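Now, the feature entries from Swiss-Prot:
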type	residues	note
BINDING	Arg54, Gly275, Asp276, Thr308	substrate binding site
BINDING	Asn56, Ser58, Asp88, Thr89	K(+) binding site
BINDING	Asn56, Phe57, Ser58, His59, Arg95, Lys184	ATP binding site
BINDING	Glu252, Asp276	Mg(2+) binding site
SITE	Lys250	site 'Transition state stabilizer'
Amino acid sequence: MNKRVKIVSTLGPAVEIRGGKKFGESGYWGESLDVEASAKNIAALIEEGANVFRFNFSHGDHPEQGARMATVHRAEEIAGHKVGFLLDTKGPEMRTELFADGADAISVVTGDKFRVATKQGLKSTPELIALNVAGGLDIFDDVEIGQTILIDDGKLGLSLTGKDAATREFEVEAQNDGVIGKQKGVNIPNTKIPFPALAERDDADIRFGLSQPGGINFIAISFVRTANDVKEVRRICEETGNPHVQLLAKIENQQGIENLDEIIEAADGIMIARGDMGIEVPFEMVPVYQKLIISKVNKAGKIVVTATNMLESMTYNPRATRSEISDVFNAVIDGTDATMLSGESANGKYPRESVRTMATVNKNAQTMLKEYGRLHPERYDKSTVTEVVAASVKNAAEAMDIKLIVALTESGNTARLISKHRPNADILAITFDEKVERGLMINWGVIPTMTEKPSSTDDMFEVAEKVALASGLVESGDNIIIVAGVPVGTGRTNTMRIRTVK
């Protein structure tokens, strides 16, 4: 059985060699990227089970990310497998400003009182912490007395005890001992801040990614609050001639949860970004929302990626904790299409081991989906011919113990709909366009491949059998299910045929 749950692996310096030096060694960042050595490390991740690589534009400039993308193309050649390319936007965010005296951080103790400035363009001091807010917003009027300001992923909490309208500053009191570092993330739960739908930097980053050789296949849009946030990115993709790029809305706050249905409808999929979500909403609700989101996205037949802190301890340790293993396992049982590695593979000590561990857990968990899974295919929409065929394919595969479904698909939609039903079989998606092929890398159970478009219906079924045999997924004498649209090029799926491989 092949691994059907996909892995999104974030790339960063952990797998990159510069001037013969590894990340963490003295002088590393002063050296040029060694493309060949780095590509071999990335190829190793592909061999261990990475299906999609994530380029996190919260870190690194365009030259760095462009070189990283080019290195992945070389890694594909070494590994002999293609992967998907996912650009993750920085998104609208707040961070602490630099300190006026050049300090990296200041220490505070419980009960310390000081101020937080909402005016933009200031520098921090021990008495006044300045904020850098996306879009240059002044958030003074958006935050109420009694709310909590969280710094550095919630490591430090500040109670907002007063507001000074004359200076537009917050009066705050430290809830615990901690430090305030420069350029650390700031969250204010239960607050609706009127960020622009798309920050200027995100617009530039997206256009840069789309312009790279080979382009990108997925965009993860950070801090999506409404469907309009997704539509803004869709507009850029269409404007630049990239309507095929799939958009994953990152659900990270209460507003995103409240508007979940409209966001799912507007996007091609959802990324459950549990890091910021765990700060923006009550932490005990994170697993509840994870199950809710996965269930809704499964029903819609779209992509769902579970992300953040999945194997966090492997950033520093060669083995995951038992709770982390359970976390990955349960995400698969919940119905996720893919699980994601962040710091573990981007800047951790054990990127290859992290991918291997996640692949092992994913593969084990998928064998128990039928017994423990939370899918309810009987509730899925069956109002179209393609939906009915997709449901029938799953039933036929299970009734006849068929291990391979071959879907000939121009847009990828047929394979996605079959994947939605989680059949106990691999789904070999035969496409005729590399963009479609790469766009299927993230879907559960789908093994995409590309070939020449058949010229007739008879040729179509012959091609399906030939490609299936060449893939090594079946042998002569095995039964396969072939799903396609007849006649060729109709753009709709209306035919299911069970065929014995010659």
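Cβ atoms are placed via backbone N, Cα and C, with glycine included.
Residue density at Thr89 (K(+) binding site): 24 other Cβ atoms are found within 10 A of its Cβ, drawing on all protein chains shown. Long-range neighbours of Ser58 (K(+) binding site) (same chain, six or more residues apart, CB within less than 8 Å of its CB): Asp88, Lys90, Gly91, Ser222.
Checked against Lys184 (ATP binding site), the recorded positions Thr89, Lys250, Glu252, Asp276 differ in C-alpha distance, with Asp276 being the nearest. In this structure, the C-alpha atom of Phe57 (ATP binding site) lies 17 angstrom from that of Glu252 (Mg(2+) binding site). Counting other Cβ atoms within 10 Å of each Cβ, the lowest count among the binding-site residues Asp88, Glu252, Asp276 belongs to Asp276.
The least crowded of the recorded positions His59, Arg95, Lys250, Gly275, judged by other CB atoms within 10 A of its own CB, is His59. Excluding the listed site residues Arg54, Gly275, Asp276, Thr308, the same chain places Lys250, Glu252, Ala273, Arg274, Ala307, Asn309, Met340, Ser342 with Cβ atoms within 8 Å of the centre of the substrate site Cβ atoms. The maximum pairwise C-alpha distance among Asn56, Phe57, Ser58, His59, Arg95, Lys184, the residues recorded as binding ATP, is 17 Å. Of all Cβ atoms in the protein chains displayed, 24 besides its own lie within 10 Å of the Cβ of Phe57 (ATP binding site). Cβ neighbour density within 10 Å is lowest for Lys184 among the binding-site residues Arg54, Lys184. The closest partner of Thr89 (K(+) binding site) among the recorded positions, by CA position, is Lys250; the full candidate set was Arg95, Lys250, Thr308.
Under the DSSP three-state reduction, Arg95 (ATP binding site) is assigned to strand.
Asp276 (substrate binding site) sits 13 Å from Arg95 (ATP binding site), counting Cα to Cα.
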